[in-house]
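Below: one structure, written as structure tokens.
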């Protein structure tokens, strides 16, 4: 069996490592436990997390055990990494609900049976800590001077960094130590924005336990312009079908830029690299075939083959004019009494767009269509005349479609 390190390297996941040669040898010779942390600030994971799930799945296929750590304790503080403002604190009930949602989504590609993977909540140990003991046992190993040079704190120093958030690095380092002691977890993985926090945990274990510990970060999922992927006009691209429908999810990947196809095939599908290279080499109109494969494969992983097939059929029906298959498109249902209202109000009511200001912005940019006619009037009223045999068709941009059916 190939060393999973080589697989991760070839597919382009790895960004930084603490001990490259040691890690390669370790992953090739032993079966280890490793962990990735998830911040439970929403009740669904999104595309940014999906890349982490893929790394976990590759590692598990090679015989290593993933530990999904949900930050029920640290989530009550908030990770300052990449943030310019302090985030709202969450209740225990919110965090517990979100943890349960995460496990269902992770289980789509991670096998949790027979302890092949486990999920833990750091609230189990962080919420019961004795502050004085924590400072004496853990705090003594952290240099404030060194912490202030970490990227995750730099951007916050000018605006103000609370002592609450300053503790986050200690908490995350302690998580790694706790997992090392309980589960013999020897490696922490995370996005490259977590590098400083990961180093803190590796260093803490080496100091406290006199044992080897390792860290690895992977690239963030960005497009060819360096912007994070997974953002739509409606917000984040969620893995929960109630938040982002399988059709919208499929369409997002079907419409990625040509320059991003190869990267996405490598990072968020399990297609063999020979097939990735073949699809990525297609040019001109043929690249659309690669995009269809990408969209189908990613949707299948998250929503299952049946939903992926439905999304594919709906997309083809839309462009091929096959109305009977439009039922798989994101559809909102309204009452006749909802007619004779402003289009911008209707779009928000049907959750097609998050706000009226967003709808007006889209109209101003010339990117909103009603029954395939460009909308130019901010005060357009939707009447019975707009209701076709297939309903009211809404298009955002070139390829994002929604349907409103009047019941």
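Heads up, the Cβ atoms here are built off N, Cα and C, so glycines get one too.
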Segment assigned the feature motif ''HIGH' region' in Swiss-Prot (from 10-19, 20-29, 30-39, 40-49): 40-49
Where Swiss-Prot places motif ''KMSKS' region' among the ranges 218-222, 223-227, 228-232: 228-232
Densest Cβ neighbourhood among 35, 168 (binding-site residues), 10 Å radius: 35
Secondary structure of residue 35 (L-tyrosine binding site) (DSSP, helix/strand/coil): strand
List of residues, in chain order, with Cβ under 8 A from that of residue 231 (ATP binding site) and at least 6 apart: 237
Residue 231 (ATP binding site): secondary structure state under DSSP, collapsed to three categories: strand
Contact set, same chain, for the motif ''KMSKS' region' (228-232): CB under 8 Å, 6 or more residues outside the stretch: 46-48, 220-222, 244, 248, 252, 256, 260, 264, 400
Span of 35, 168, 172 around L-tyrosine - largest C-alpha separation, Å: 17
DSSP-derived helix, strand and coil totals, residue by residue, for the motif ''HIGH' region' (40-49): 3 helix, 1 strand, 6 coil
